[in-house]
Structure formats: C-alpha cells, structure tokens
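A.B. asks: The structure follows.
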2 protein chains.
Amino acid sequence: MESHEPKTSNSTAEEDGCSNWDRAVVARRVERLFLHLNPPPEFSDGVELARCAGRAKSDVNTEQLSKYMRGKYRDVQQKVYDYFNSRPELQTPLEISKDEHRELCMRQLMGLVREAGIRPFRYVVEEPAKYFAILEAVGSVDMSLGIKMGVQYSLWGGSVLNLGTKKHRDKYFEGIDNVEYPGCFAMTELHHGSNVQGLQTVATFDPIKDEFIIDTPNDGAIKWWIGNAAVHGKFATVFAKLMLPTHDTKGVADMGVHAFIVPIRDMKTHKPLPGVEIHDCGHKVGLNGVDNGALRFRSVRIPRDDLLNRFGDVSRDGKYTSSLPSINKRFAATLGELVGGRVGLAYSSVGVLKIAVIIAVRYSLLRQQFGPPKAPEISILDYQSQQHKLMPMLASTYAFHFATLDLIDKYSEMKKTHDEQLVGDVHALSAVLKSYVTSYTAKSLSICREACGGHGYAAVNRFGSLRNDHDIFQTFEGDNTVLLQQVAGYLLKQYKEKFQGGTLTVTWNYLRESMNSYLSQPNPVTARWEGEDHLRDPKFQLDAFRYRTSRLLQSVAVRLRKHSKTLGSFGAWNRCLNHLLTLAESHIESVILAKFIDAVRSCPDPSSRAALKLLCDLYALDRIWNDIGTYRNVDYVAPNKAKAIHKLTEYLCFQVKNISRELVDAFDLPDYVTRAPIGMQAAEEAYAQYTQFAGF
Amino acid sequence: MESHEPKTSNSTAEEDGCSNWDRAVVARRVERLFLHLNPPPEFSDGVELARCAGRAKSDVNTEQLSKYMRGKYRDVQQKVYDYFNSRPELQTPLEISKDEHRELCMRQLMGLVREAGIRPFRYVVEEPAKYFAILEAVGSVDMSLGIKMGVQYSLWGGSVLNLGTKKHRDKYFEGIDNVEYPGCFAMTELHHGSNVQGLQTVATFDPIKDEFIIDTPNDGAIKWWIGNAAVHGKFATVFAKLMLPTHDTKGVADMGVHAFIVPIRDMKTHKPLPGVEIHDCGHKVGLNGVDNGALRFRSVRIPRDDLLNRFGDVSRDGKYTSSLPSINKRFAATLGELVGGRVGLAYSSVGVLKIAVIIAVRYSLLRQQFGPPKAPEISILDYQSQQHKLMPMLASTYAFHFATLDLIDKYSEMKKTHDEQLVGDVHALSAVLKSYVTSYTAKSLSICREACGGHGYAAVNRFGSLRNDHDIFQTFEGDNTVLLQQVAGYLLKQYKEKFQGGTLTVTWNYLRESMNSYLSQPNPVTARWEGEDHLRDPKFQLDAFRYRTSRLLQSVAVRLRKHSKTLGSFGAWNRCLNHLLTLAESHIESVILAKFIDAVRSCPDPSSRAALKLLCDLYALDRIWNDIGTYRNVDYVAPNKAKAIHKLTEYLCFQVKNISRELVDAFDLPDYVTRAPIGMQAAEEAYAQYTQFAGF
C-alpha cells in the first residue's frame, strides 16, 4: 500500500450540506473497514499466480447484498415471474412468425391483466415505482410484452391521464385498464421523429359541427411506427397541430401541437373506421411482438371533447383557453408529462444489462480454454482481457442500478408534489440517464455476445434477442443524441444561473463548487499523488469527475459565445456539438458516481459494503482512465499517476472477478428469468442443459 | 493555413528501399496538388455557415474513383448480382423459418453452381482472388449463402485440397465442385474452440483392419457448430487426435491432431451412417440459413486412405511418417493451410461495412430534422455529431478496402510461391486484419442502425440482419481476442530478431526504423508543430502510428521479461494481456495506414487522389486522436498540438461529408445489392419505396 499523501487537503467547501471534511473522514473509515475485511491487496507480482489458480475465497454474503439491492416491489415482480413460469404456453419460443408473435404478445398481456390480476395502469400515476417494477419484470419475460404494456399504459393510457382531464379519465380508465380499449400513441410521423414541433398532421376545429377534423396533409405526415396500430389498437392519441378558425384574412390560426383521442377501429367489427387508413410497418430488427403500424387520416371527425385539454382547451365558439401563456410553454408542458417513458426505459435497460451480465459472467467462469503448460485449462474469466471486458460492465450495472432507483424515487416524488425544481431535475436526469444507460447497455450486449464466443451466438443463450429488442431503446422516447443535447442545454442554463447567483437544481448543485476548483489551476501536488488510498478516495474520484464536467462546461460556454458572433446560435451549437455531447455524458457520469458513493456508504452490511466499494472504485477509475487524455492534457494527473490509475484499474478488475459469481447472484434473478443454458446458476448443469436443448 | 515547420527534418533513414526524403518530396507534391484542386480550407469560423447550408460543390469524379477501387474480378461479381437479381424466388424474404431458410440457402448455392455456372471451387487454390470476389458478392445476396459456400469450398473443400494429397483430390474434387458431396469441417467441439490442440475426439488406427476408428470420448468432445451438418452434409473433415498402437506399456501413442474424411450420411438414403449421431444446434443469432449441427462418433470406421495425409501419414503397418519433425510443426502446418478462411472473412467484412455505410450515409443526407430558426430543416449529416459517427467510418472503409485487397494479393502470391517469409507474413497479417476489421465492422453496424434512428430499425433497411449475420465473424475462424494475441506473439518474435540482427518479415520492416526513433526521446520541437501541412503530412502520421507500436512493443517486452521471473511465462503473458492486445491493434493500424498512403499515391486520377488523401488524413488523425492519452503521456504531442489534431479531425469530417455521396457511390454497389429503401441511390425515391413497402 502506497500512502504518503497528506489527508487534510479537502477540508474546504460544502456540498449537499455535508462538509467534505466529514465526507473524507467517513470515506477513510469506510476504506479502513474495507481493508480490514479484505486484507490489503498485495499489489505486486507475487499475488499474480492466483490469477491462474482460480477464484480467491470470497467473503461476500450474497443474501445480504441482494437484500440491500432489492427494491420495495420485489413481491410483484416475483408474482410476474411465477405467473409466466406457470404458463409455459405463454412463453415466447425461439422461432415464431411476426403475426404469431403479435398474437402471443397480446395473450401475454391479457393473461397478466385478467388472469394473474396484475393491473399496472392504476400505478402509472399513483405508484410509479411499482409500475416500473412490473414493467421491468414483464420485459424480462419478453421485451415485446414490456413495450406492448408500455404502449398501452404509459403512452396511450398515460397520455389520457396526464394530458386529459377528469372527463377523459372517467370515460377511458376502465377500458384502458382491462385492455378492452387497446390504444396507440400516434406522435411520430414518417418525416418527423425528434422534431415533434415539426409534426404536420392537422386538427382543424369545425365550429359548426363542434368537431375537430384530423388530416394527414402529405405522405411525410403519415403517423409511423405507431405501436398497437397495425393489429390491436381501437384508439389513438394523435398529436396534431390545432387549427382554429379566425376572422382575419388567413382564416385559420396554428395553435401548436396538441393531443387528441381518435378512435381508429370499430369497437365491434374491429375494422378501420372511415377515413382511417392503417398499414403495417412490417418486420423490425427486434420487438416483433409489437404491432407497429402507419396511420393516415382523411378528414376524420372527432367531438370537441376528445381534445386532451389539460394544458389548452377550445370552447364551443372556437376560442382557445390555456393556463399557460405561449405555444412553447404548452408544448413543453405536454411533452413534460411524457417523461415517465424515459424513466421506465432507463430502468428496464438496466434490467436487460443485468441479465446479459449474469449470463456472460457465469459462462466466463464455467468456460475453460488454454492454461499454463502442463496444467489444467483455466476459466476464461481468469484472463485479463475477459476481466477487462466484463468487470467494468459489472461495476457499471451496479452503478446504474442505484442511479435509476434514485431516478424513480425522484419521479415518484415529483408526481406527488409537482415541485417545480424537481420537475426540472427529473426531466433532465431522465433524459440523460435514459440516453447514457441505453447506449451503454446496447454496446454491452454486443460485448457479452462476443465474450461468450460461439455459444454466445446460440439464440437460446439470449444475447441476440436481447440486443435486437433493446437496440431501439436508444432511439424511441427521444433519440439519445438529441436527448444529450437537451441536457447540455440545461447545463448551460444552470451555468448561467450560477453566475447570476441563482439557485441550482439539486442534481447540479455540485457544479457550484467544482466550477470554483476548476477555475483555479490543477494542484500540481495532488496531480502527482498515486497511492492506492488516494486513488480509492471518493473525494479524489468525485473531484476528478466534476472537474472534467466543469471544464467541459466552461470551455463550451466560451466557445459558444465566440462562435455565435459569426455563425449565429444554431451554427455555433452545431460547431460545438461533439463537445456538448461529451459534456452531457461527463455530467451524468458524475451524477452516477455520486449516487454510487452514497449507496456504498448507506449499506448496513459490512461485507456487502466492501464489495460495493470495490465496484464503485472500479467504476470511477475505469471512467477516468477512459478519458485519460483529457486529464493529462491539462496536467490534472501527472504521467505516473495516469499509469497508477491504469494499473489499479486492472487490479480492481481482478479483485471484482474474485467475487463476480456472488455479485451476479446478488441480482437475484432466477434461472427461469435469465433462461440461458450457459448462464445457469448451477454451473455443473449448464453444459448438460445446453446439449439437452440440442437433443442429446 | 498554418505552416511554419522546417521541411527538412525527415531526411534520414530508409524504409522499403525508398528514402523518406523522396517520400516527403512526393508527399508535399501530392499535398500541393491537392490544395490546388481543393482550395485551402478556410479553417476559420467564416466557412462554418456552409455546415448548415448543405453540401459544398464537389469535384470528385465518381466514375474515375470507382474504376480505381474496382478489383480485377468485378465481372464475376456482376454475374452473381445479375443472376440473383433475375431470380426473385431465390431471394431471402424478411420472414422465413429456420428450416425454410436452410433449404432456400441450399437452392441458392445450387443455382449459383449449376444454373449460373459459377464454380468457385476451382479458384480456391488456383485463383484465390477470384474466389474471394465471388464470396463477397454471394455474401451480399444473403450472408448465410456466403457462409454456406465458404463451408463447402473453403473449409470442407479446402481441407481436402490443402491437407490431403492427389488421391483425395482425384476422389473428391468433382463431387465437392458440383455439390454432390456437400461436406462439413468438424473441428470445434463443445468444450474446445480456440484451443484446437485441446480437442478430444480420437482416431485410433486399427492395423488389423487397416482402418481408423473415430470416437467421441465424452460430451465435451461432441463436434459443435458444424456448418452443413444438421441437414445437408454427406461428409465431414473431422479433426481428431491420431492414436497409433505402440509396443510399450501404454499401448498407444498420441500423434497430435490430424484431419480425416468421415462420411456422415448415406449417399442414397441421406440417413446418418451407423455410429454417427447428428443433432441440430438450433437457432442462432444470425446466419440461420446455415445448418449448424453437432456430431457424436461411436466407433466409426474409415479406411486408412481417408487420413488427409499431406503433413503426416500412417503406413500399412502403423508407422508414422512426416516431412515435418514435431507434433507442433505439423499442427502449425495443418492450421496454416486454413488461413484462407480468415482472408475471406476480412474481405467479406469490408463488403458488409460498405453496404452499411452506403445506407447510413445516403439516409443521413436525405433525412432532415431541425434547423436554424425560421429556416428549412437541415440534413442530419449536416450535424457535427452525425459526421463524427459516420465520416471516420467511411474513411476506415476505404482504408480497409485497400488493406484487404493487399492481403488477397499477398495470399495469392503465397499460394503460388510458397515463399516462407510470405507464409509467415500472410498468416500474421490475415489474423490481425480479420480480427481488427471484423470487430470494427461489428461496432459500426450498431452505430449505423442508431444513426438512422427509427427507420434504421425497420428490418427492410438491413442493419439488423447484417449485424446478426456478421456478428460471428468476430468469433469463427479464430476468436478475435485469441488472434490478436497470436499477432502480439509474432511481433515480439520479430522484435527479438531485430535485436539479433536477423531479417524482418516485410509487413514488419517498419519496426526496424521506428524502434530506433522510439528509443530516442520524442522530439520536443516537432511535438509542438501544429500546422495543417504538418498534421496532414503522411510522414508525421506514419511516424506517430509507428512510434506508438514501437513504444508498446518495447515496453511490453520489458514487462514480460520482468514478470516472467515471478509468474512464469504464462502468468506474465496474462498479466500483460491488455497491453499485448493494444500492441496488435496498433500494429495493424500502422500497416493499414501505410497501405492507404500507398494507395493515395498510386491513384492516377487527380480528383480521386485528392478525395482519397482527404479520407486517408481523416483515418490517420482520427486514430491518433482516439489514443491521444498515450501520445500526451510521453509528450509525443504537446497539449496545443493535441487540440489542433482534434480540431482538424472535426474539420476533415466536414470536408469528407461534402463529398460523401460521391464516396459511397464509388463503392459501385447497385440498389438491388444494397436493397435498403432508405439507402437508395436516387434520394427522391427512398421514402416512396419505403412507404410502398408498407402498403401505401
């Protein structure tokens, strides 16, 4: 153990009301405890032989760790697992045609709601954490089912509850809840996805008949990718520009995008209603259990009451009323209500990542290939390269677990209190977490497949369907690249407010402090500290993450100001786009790390805490190493410190590997949920299950 | 243009017989020419508005560029395209069951061979470049067909030609050629993929009956993933440990892994032969047109003549004879003959990458979303972030095109001359190119899907099937992580030879010089040069790439020596594994860059040369920027130079974007090969094709 740094350098400044000095003291205690539990790693060559000798004995108490990880809603998740486990005919086979898959998916949803008696709709607004727990569990049965359920309850149902008023709730709640009213969320058009304000579908008010007339003005405005539309939907929440008649020469005023309930199929015959043309969007890369369709409207009339009028209404005489002063505000309020979808995706994405990591880690422990001369072959997880692929991923899975649980807590709180600061915080946090987590999971699924070699390519071992189904998580409910830009925009706003002395949103409070430390030069002394105590000190890690965010933020603000003069604000933004995206990612990495450090500290069981501390250090140092160029470029870390970070990262991978079986077991997902033969909990059965599957 | 660097600093040392001084002169001429053709970029904000104003006028002559890119064997590729284009019933539909897909794939192969009269088998040994051209074209029809064809001709057929002798060729050539003898290549076992020497299937010689007895001793030795086995195969080349009876107490001697021709199904009834148990490996992530099966042998007898005896033979009385002195040498010679598979995969992987890049670039030019206030929306390729995703990928595609063509040339030459140095070179080069290119393509397919948003998720737009089919390229014919290690091993051997004054293999000749420059300190003057002339000077780029390789090589050699003392050679290797993998990647990046620079220089058409120079610079600088931490850490580049590299990389992305349509057109793949509606050459038809597909 190298440890020659002074320990009192971090006794200034405050954060979240807890002084850093306190924090450092706690951190040192945690570290001492950790070192007590896990004897100091002999960070020398001597211990290396253990790398070939298999896993070191582990102290981790899986049950305790699992208990700490488990959310409040594990019971309802177990109910979902048990129900589908008891109904093999409802399980999705490896080979199924698109049309059969869609029907099966509908039967799965019906079974869940009507037979298992799990009614997710009531939780959408009232107990969102429970809703998301059900969503995650359902997604692990078949991700198509998760998305189908999300379309019905979060999107179609959610739009009625969140954008409509009591009359809509009274009229539609029951039918949505029991799936008598399967519905769609018709926002995206062929030519417009991310740019919702550019939608072209129109809803023109006809004051004579007291109706809206819904029209698709051109091919580009065809509603596209609408889930539930191709086969099952009876209704659609249609987003369209509200057009009101005026008395001026134009004759009509565009009031901006609003949402309308439009019946699309006959309740009895199930045939498309007059004026509604429905086509099938066809096969997708994944999620083929969801029937995405395309909708074209030709003068479809709906009563005035079917405008979802929470944020803007039209009176009998065609007058527009709203509690919100402008089109932009109303648009923001409308989209703001849809933020739950992102929360759910971020959370479900972590669920997918857990399944993949469990399978990849267990198989990597099982699989043996090569080894020292004249000795038995060793497990492929004993190879440094395999640890490098999977251990930072395992650490990230834990990090994301805590971060998304926190997001759900904040979201639930927001739904209760409608606190304005919290609304802003949840919006930005859900956008950036959804983006960051789903991109990470998507990459990880490919890494897991590749890390499991040929057997990872067997469909039964799940990486293919997980990847294909999850892939679109990066795009829907907000394209990741677009969402990251929104968050960069929020960060710049916060930055501006800081300099005007205003208050910062909770999640970004850290910027106040780290911006100060950033604006001074990096400390040439600490830049040279390379002892393990220092590198594993949460204070060093958080400082480094936040320094980076602050630096990116300050420098992009300067660049934007400079370029705006010649390019205008849009041109300047585009000129700095890569920089802005990096800023948003750096920010969320800081936020995730802070949450993870809190979660380590709050863990009551010492052995679990020690394991979490190990994972947290790996998460932190791996990320710092990944961007070491930035840190080196401003001499935030000296060359030898950079090397020490790299060396320690590799060593932490090795340490995590030694308890990796317990760490994946702690996710507490039974074999009938993970379902991959090569990822079975009882290693001795894995190959046998796999050969049996092939008919041996 | 910043250009204040002295120009004579590179007048020492030689390389490939051409002095650097000459090279630098040529390079400057090329650059001047380039600057003359493309006026110097106004590397300031003024020009930036063009980023929003759409594509600048381009000078690229697509036809000329295409002509330069096109290989000698375009004709036979066109024949393949035309044949399948004329036979719609042979085209693979989006939805097809596994069993139907397998039958269709067989019909496609039969059609190719018997109807279109394309007979790839004769080219496997005699004109490999033509064989690979057919393979690439066939793979673009359906990658399953490409792999099915590869199994029949490269693996099953190739093993007969390359590991057998005249008697085998005489007996099997015709049947393999016309697919009357569909066959398998049964190497991989359930428990052993990469570690071929660990295979457990045995072939015991019975001197009484003059036969070998093939046995699967345990479940782990079941042959697994054997293409053509589940349904169509009549024969298999089975890899097994040759056991010869001895007169000592053991009674039997293990002569190492050999290859045997084993009939697996009856020629008439097509039933599995006695002792041969065949099962279906089932659904895979992709390539479901290939019938991978599992084989278990129970005392299956084959005549002595069915040992593929080129490198080792057994006489009638059970004596072993071989021209090669040891088991290891024979094993190396045997596996060495299979190197063609890797050459083919590297080349086909570039073919897949081309299709993906064409679709992604064309759609990104077509798709519009957002824009400056009160102005029309702009194409998504006008966004810096989209350029960042796709333009380095486009540059890499060109880089890989030239590198794999060169590999094929070398391979063809090797097949003619059997030159020993060339054999070594081709082996290492094919391993590392296969690994590097297939990993890159796999990542790129995900990036392309994501870059094309929701419409990229429509199955008809191909990213899903391309990714699923291509995915396993990273694993079969040698797991990428394992192959990279082999190459790192070769590099270390070369390093050792350098210091012993021996000759280096051609591809690695550069190490001799760059190791010298590495062993001196980085030049503190050039480390500060940041002018565009300098950064785009091939000499700077190559020096930087090679410096990195040499540094990684020298440092890992030191580390290995150090760790070997305490950990033994296996432990030391594992301790340095990540380092070794980075070394191998750095090496191939250097090799690819050198080839690309040559290709730029050799291009006769000035406008094409200018376009290629732009791509080559982007390839080089993007790679340097990706590993800027390493360069910064040793002060090979100063902080401001690092920033200049980053800035220029972004600018080159923008420049390449301006000619990106022409650059993808130059790949010369017709719409009926790329087949994605959103990637059609005529942009105005893309959306219409796409909506028509959905039934509008």
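For all residues, glycine too, the Cβ spot is worked out from N, Cα and C.
Feature list, courtesy of TrEMBL:
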| type | residues | note |
| --- | --- | --- |
| DOMAIN | A:184-300 | domain 'Acyl-CoA oxidase/dehydrogenase middle' |
| BINDING | A:Thr188, A:Gly227 | FAD binding site |
| DOMAIN | A:336-492 | domain 'Acyl-CoA oxidase C-alpha1' |
| ACT_SITE | A:Glu477 | active site, proton acceptor |
| DOMAIN | A:537-680 | domain 'Acyl-CoA oxidase C-terminal' |
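Give me the structural setting of these features: burial, nearby parts and distances.
C.D. replies: Helix, strand and coil counts under DSSP for the domain 'Acyl-CoA oxidase/dehydrogenase middle' (A:184-300) come to 6 helix, 55 strand, 56 coil.
Long-range Cβ proximity for A:Gly227 (FAD binding site), meaning a same-chain Cβ under 8 A and a gap of 6 or more residues, is found for A:Ile147, A:Lys148, A:Val151, A:Leu155, A:Cys184, A:Phe185, A:Val290, A:Asp291, A:Asn292.
Mean pLDDT for the domain 'Acyl-CoA oxidase C-alpha1' (A:336-492) in this predicted model: 96.
Taking a C-beta cut-off of under 8 Å and a sequence gap of six or more, A:Glu477 (active site, proton acceptor) has these contacts in its own chain: A:Leu338, A:Gly341, A:Arg342, A:Leu345, A:Lys434.
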A.B. asks: Chain B proximity: which recorded positions among A:Thr188, A:Gly227, A:Glu477 have CB distances under 8 Å? Answer 'none' if there are none.
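C.D. replies: Answer, by Cβ distance to chain B: A:Thr188.
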A.B. asks: Counting only residues 6+ away in sequence within the same chain, which have a CB under 8 Å from the CB of A:Thr188 (FAD binding site)?
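C.D. replies: Those within reach of A:Thr188 (FAD binding site), by Cβ under 8 Å and sequence separation of 6 or more, are A:Lys223, A:Trp224, A:Trp225, A:Ile226.
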A.B. asks: Is it possible to list how many residues within the domain 'Acyl-CoA oxidase C-terminal' (A:537-680) are helical, extended or coil according to DSSP?
C.D. replies: 124 helix, 0 strand, 20 coil
A.B. asks: Check the DSSP secondary structure of A:Glu477 (active site, proton acceptor), expressed as helix, strand or coil.
C.D. replies: coil
